[in-house]
Amino acid sequence: MARCPACASPRTVFHEELGTLSIAHMDCDAFYASVEKRDDPSLRDLPVIIGGGKRGVVTTACYIARMSGAKSAMPMFKALKLCPDAVVIKPNFAKYKEESRRIHEKLDRLTPLIQPLSLDEAWIDLTGTERLHGATPAQMLARLQAEIERDIGLTVSVGLAPNKFLAKIASELDKPRGFSAIGAAEAQSFLANKPVNILPGVGPATVASLAEIGLRTVGDIAAADLKLLANRLGSGGMRLHRLAHGQDSRIVDPDQARKTISAETTFNDDLHKREDLEDELWPLCEKVAKQARQEGVAGRVATLKLRTPDFKIHTRRRTLAVPTQTARTLFQVARELLSAEPRGLAYRLIGAGLTEFVDADTAGADMFADEERRALKSETAIDALRGKFGAAAVVTGRALKGR
């Protein structure tokens with residue numbers, strides 16, 4: 001890429017494939033913090049952290065706070081050590097959902113092929129829309145950026161590429177207010193010197209595993225023997241090899257944005273003891289978490305469902321600071337929700353679920369806090385053992401307690 005031949009702007013570049021690229025990734029810039037700053041101008045030049053409690057984690061840090069080292073999923077006590085002057089605001093997800101709806105309303109006018117990843121990001125397929133809009137995808141997206149900032153008061157960054165993987169990377173190259181493109185011709189050379197954790201799904205454990213066999217850059221993976229990768233990472237190794245060559249066959253699928261994953265069970269006899277209810281709850285959490293891992297998503301909201309003998313349904317929800325795809329976290333939250341219910345009530349059904357998903361594969365393992373990461377590693381290993389030797393191959397202590 002080179003500077004724009006028309007104006008030579010340092011932030012404007014010319015790209016030979018710009019007129020033909022049609023897969024985009026759009027990401028709001030520090031979304032939650034930006035909404036709060038827009039609504040309270042006195043916060044504009046201050047470091048803002050969205051999160052709750054010293055024992056919680058950072059949900060979002062504004063760019064000023066990030067300059068001090070604060071970042072998403074970091075424990076709050078650590079973030080406040082790095083940025084002691086930060087203004088801490090508890091997340092207001094109802095407000096953020098409304099702003100997300102306004103943004104997606106504008107996206108819907110461009111194309112029906114939109115795959116939301118979370119409240120603040122989405123993949124967009126603009127293939128074949130040139131005649132409809134009288135403009136290339138790049139032109140439409142540039143207009144969309146300006147319109148969102150003008151009408152909603154928030155900024156977004158856009159990545160344009162031939163596939164979802166490259167579009168996601170491109171959107172992160174020039175934040176905030178960024179617009180970057182990665183073409184097919186340059187993809188492999190662009191990726192070659194990047195660290196392996198730029199690839200989706202590569203967290204600290206995979207980085208260490210790859211380093212043990214001398215693979216530290218994306219170029220190393222691209223040049224690696226397929227058998228070596230398969231022996232080390234199984235089918236995941238083959239996937240990383242394709243990505244290292246800039247290849248990604250996934251389509252932008254609006255239907256992939258599943259609304260909820262849940263499991264429930266009805267008792268033969270009504271249960272009222274808290275311990276009995278928890279014993280029934282654990283395998284449901286395992287089932288939900290396993291399904292989330294299989295689909296490559298993590299839920300931001302945990303739900304508990306209860307039905308009383310008179311068939312009244314009680315649903316409780318809690319928004320998590322960090323998305324989860326582990327039974328450990330889902331069970332912990334569902335149990336806390338259950339403990340808030342009046343003791344002594346009888347129930348004929350209990351259920352657990354996750355909703356408001358983010359793409360865990362795209363975000364990578366580093367999106368999770370340390371405890372969540374350890375639980376994820378453990379539960380993924382259990383998945384593999386059960387898949388090979390049967391469901392009874394590994395029985396957890398909680399499951400044994402319920403027997």
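Keep in mind that glycine also has a Cβ here, set from the backbone N, Cα and C atoms.
The active site annotation in Swiss-Prot covers E121 and rests on sequence analysis. Under the heading Mg(2+) binding site, Swiss-Prot lists D27, D120, citing sequence analysis as support. What Swiss-Prot lists as domain 'UmuC' is 23-203, and the listing cites sequence analysis. If you look up Swiss-Prot, you'll see Y32 marked as site 'Substrate discrimination'.
Positions of the features from Swiss-Prot, shown on the structure.
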residue: D27; record: Mg(2+) binding site; Cβ within 10 Å: 21
residue: Y32; record: site 'Substrate discrimination'; Cβ within 10 Å: 26
residue: D120; record: Mg(2+) binding site; Cβ within 10 Å: 23
residue: E121; record: active site; Cβ within 10 Å: 22
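Here the Cα atom of the residue listed as 'active site' is found 12 Å from that of Y32 (site 'Substrate discrimination'). On a Cα basis, D120 (Mg(2+) binding site) lies 9 Å away from Y32 (site 'Substrate discrimination').
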